[in-house]
Amino acid sequence: MFQQKKKMEDGVGLDCLGLNSGSVSIGYEKELPGVDIFVCTADPMIEPPTMVINTVLSVMAYDYPPEKLSVYLSDDGGSDLTFYALLEASRFSKQWLPFCKNFMVEPRSPDAYFSTTSLPLDPVEAKEWSSIKKLYDDMKNRIEMETKFGRISQDIRREHKGFLQWDSGSTRRDHKTILQILIDRRDPNAVDIGGQPLPTLVYLAREKRPQYPHNFKAGAMNALIRVSSKISDGQIILNVDCDMYSNNSQSVRDALCFLMDEEKSHEIAFVQYPQNFDNVTKNDIYSNSFWVVNEVEFRGMDGNGGPMYIGTGCFHKRDTLCGRKYRKEYKGEWKGRNDRKVEESASELEETSKILANCSYEENTQWGKEMGLMYGCPVEDVITGLSIQCRGWKSIYFNPDRKGFLGVAPTTLLQLLIQHKRWSEGHIQIFLSKYCSLIFGHGRITPGLQMGYCVYGLWAPNCFATLYYVVVPSLCLLKGISLFPMISSPWFLPFAYVIIAKYGYSLGEFMWSGGMLQGWWHDQRIWLFKRTTAYLFGFMDTILKLLGFGKSTFVVTAKVADEDVSKRFEQEIMEFGTSSPMFTIIATLALLNLFSLVGVVKRVVMGTPITVFEPLALQILLCGLMVIINLPVFKGLFFRKDKGRIPTSVTVKSIVLALLACSIPLY
Ligand SMILES: O=c1ccn([C@@H]2O[C@H](COP(=O)(O)OP(=O)(O)O[C@H]3O[C@H](CO)[C@@H](O)[C@H](O)[C@H]3O)[C@@H](O)[C@H]2O)c(=O)[nH]1
Ligand SMILES: [Mn+2]
């Protein structure tokens with residue numbers, strides 16, 4: 001079964017275990033475990049409530065028995081706007097879910113569906129399609145109207161008792177736990193327009209107090225784990241970011257094929273889908289596609305014990321996420337534990353569960369250490385996954401043709417660099433902590449996986465090698481100092497081999513994984529920018545933290561942009577626009593190489609014989625490539641008039657810095 005399911009990735013759609021709908025073995029239907037789905041959001045301004053509820057609706061509409069499905073929205077923004085949007089979604093789901101099921105809609109995020117399909121030909125279907133689209137548009141308008149005002153009107157407040165939980169004193173960072181069960185599957189009235197039951201839907205904003213660290217997404221997830229254990233206690237937990245809608249209504253059943261497999265499931269802790277995005281443009285100038293990560297690196301890890309946990313699109317067994325250690329005897333054991341009966345009424349449940357999301361609940365417990373997601377690391381997901389694997393569990397990477405989840409990738413250069421700073425910082429922190437895959441992982445995970453983690457763990461220190469290569473050879477070129485062997489020397493061969501093999505392989509790997517030549521070139525540019533800025537800052541911040549300065553942060557990636565910024569993203573024009581120190585570094589490095597190249601050209605024009613340049617050939621090549629790859633930077637510095645250009649202050653700073661660097665005497 002197991003191997004067969006894996007083969008599905010290659011398009012051999014096999015219906016393993018009979019779990020997929022419409023299959024023969026109805027018997028399995030009864031055995032299906034409860035699935036709790038956690039959606040995390042943190043800020044209604046940069047994660048618009050309409051986007052969040054599209055994700056919620058897409059996971060509510062999974063092809064899975066609704067009485068076994070519960071969806072929880074964690075709102076770290078503690079915003080009544082998000083709550084209002086969720087309330088609207090709970091009403092709209094009564095039409096949307098039956099529509100999806102009757103017409104086999106795909107994808108089941110209304111926004112994504114209506115923007116990719118047009119009016120169906122069949123008249124019956126067309127009528128339904130138009131009426132549901134109108135309902136959706138009306139709802140979206142209502143939500144956007146309230147979001148624009150930034151405040152919920154009194155009329156709407158009166159519609160639901162949940163709004164009473166926002167009292168005058170509550171702010172984002174200081175409020176008590178807000179918990180509302182919007183749909184209770186035990187309620188006989190919780191049915192859709194066709195009379196079918198609806199999945200449970202819960203809104204949670206855990207308590208926030210300034211004196212308690214809230215531990216960002218990890219803290220939110222742990223509160224969800226506890227609250228859900230009281231309300232639905234699904235044995236499987238799916239975790240998605242608020243922008244990652246479900247693009248495939250079969251994903252739950254697919255994941256269960258691994259998690260319930262008769263032979264192997266007892267050793268599997270989680271099933272991870274890759275991160276894919278639906279806003280990637282044709283040539284992908286910010287290299288958001290992760291071709292090589294998804295097709296090479298994660299498959300490699302999969303073959304060595306399993307991929308990392310990357311925080312979204314991941315199905316966990318509740319037990320293992322809560323700290324359970326692997327033991328051989330577990331085989332076949334967990335299936336028996338089904339459907340705990342909850343006696344309390346919805347409002348009683350709300351009151352008793354609220355306590356579990358209070359700040360003080362975790363004091364003197366193992367939460368954040370041995371239980372749930374681990375605290376203190378900007379990539380809480382990766383360190384948690386690693387510790388699960390070190391407890392003896394395996395994981396599965398599943399990447400079917402029809403993508404399981406689609407999210408929103410960064411649309412400006414700065415957003416991208418900030419995201420990568422967080423990631424590189426998180427990975428190096430793990431590498432330098434007691435959880436280092438080489439030390440802690442020794443004897444616990446396979447050597448292949450130990451090394452696999454190092455690829456990411458060593459991202460950050462890589463900045464130094466890159467900085468050396470983009471600065472020193474060019475400066476030496478300017479001064480006429482040769483660093484590499486002559487082209488005619490046999491010592492040139494190893495250099496030529498490394499360069500050709502490295503870049504030839506990199507291009508090949510990129511294209512085998514599904515990328516294009518242009519995309520690869522953009523990928524090289526982004527690697528350069530990431531290494532010289534994001535990784536450098538990530539490394540420095542880590543060192544500062546190790547020395548006791550600075551504290552953990554989590555800068556949430558924006559999922560919306562101004563109209564003209566989005567337009568430039570569509571047109572694939574690189575977005576600078578703000579004066580960030582990262583841009584000063586990028587521009588300075590570009591100019592420094594430009595000046596060196598100009599220096600060479602000047603000498604040629606002045607009549608210096610070409611032979612003089614032979615010992616400098618590799619440096620000229622490197623410097624020339626640096627100038628070409630930085631063309632968008634020069635455009636941003638000197639040739640653009642739009643708001644996305646490099647700001648004048650950055651231009652001035654970088655020119656001064658580059659000139660200073662060029663005037664350093666080297667002997
Ligand atoms: O205090 C916080 C901060 C963030 N989030 C949520 O965490 C998710 C991820 O945040 P985002 O800004 O989108 O970060 P990304 O860089 O896109 O996230 C990737 O990397 C993170 C770790 O760095 C993981 O947590 C994510 O799951 C993974 O998708 C979002 O849904 C946020 O709403 C919270 O719930 N609380
Ligand atoms: Mn994200």
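Including glycine, each Cβ sits where the backbone N, Cα and C put it.
D76 (UDP-alpha-D-glucose binding site) carries neither a helix nor a strand DSSP state and counts as coil. The feature UDP-alpha-D-glucose binding site is assigned by TrEMBL to E47, D76.
Positions annotated as active site by TrEMBL: D76 (among others). When other Cβ atoms within 10 Å of the Cβ of D76 (UDP-alpha-D-glucose binding site) are tallied across all protein chains shown, the result is 25.
Residues or ranges marked as Mn(2+) binding site in TrEMBL: K217, D241. Within 10 Å of the Cβ of D241 (Mn(2+) binding site) there are 25 other Cβ atoms, across all protein chains.
The annotation active site is assigned in TrEMBL to D381 (among others). Listed in sequence order, M308, Y309, I310, G311, C314, L373 are the same-chain residues six or more apart from D381 (active site) with CB atoms under 8 A from its CB.
The transmembrane segment annotation in TrEMBL covers 453-471 (among others).
With a threshold of 8 Å between CB atoms, the same-chain residues lying at least 6 positions outside the transmembrane segment (491-512) that come near it are 291-292, 295-296, 484-485, 519-520, 523-524, 618. Residues annotated as transmembrane segment in TrEMBL: 491-512 (among others).
Listed by sequence, the residues of this chain that lie at least six past the ends of the transmembrane segment (576-596) yet keep a Cβ under 8 A from its Cβ atoms are 412-414, 417, 470-471, 474-475, 477-478, 529, 532-534, 536-537, 565, 623, 626-627, 630, 633-634, 636-637, 643-647, 649-651, 653-655, 657-659, 661-662. Look at TrEMBL and you will find 576-596 (among others) tagged as transmembrane segment.
Residues 285, 469-470, 473-474, 476-477, 480, 482-484, 486-487, 495, 521, 524-525, 528, 574, 586-587, 589-590, 593-594, 596-597, 600, 646 of the same chain sit 6 or more residues outside the transmembrane segment (616-634) yet have a Cβ under 8 Å from a Cβ within it. If you look up TrEMBL, you'll see 616-634 (among others) marked as transmembrane segment.
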Using DSSP and three states only, what is D241 (Mn(2+) binding site)?
-> strand
If you count the other CB atoms within 10 A of the CB of K217 (Mn(2+) binding site), including all protein chains displayed, you should get 22
Neighbourhood of ligand 2 - recorded positions from E47, D76, K217, D241, D381 with Cβ under 6 Å | D241
Could you state the whole-number distance in Å separating the C-alpha atoms of D76 (UDP-alpha-D-glucose binding site) and D241 (Mn(2+) binding site)?
-> 12
Using a 10 Å radius on the Cβ of E47 (UDP-alpha-D-glucose binding site), the other Cβ atoms enclosed count 26
In angstrom units, rounded to an integer, how far apart are the Cα atoms of E47 (UDP-alpha-D-glucose binding site) and D241 (Mn(2+) binding site)?
-> 10
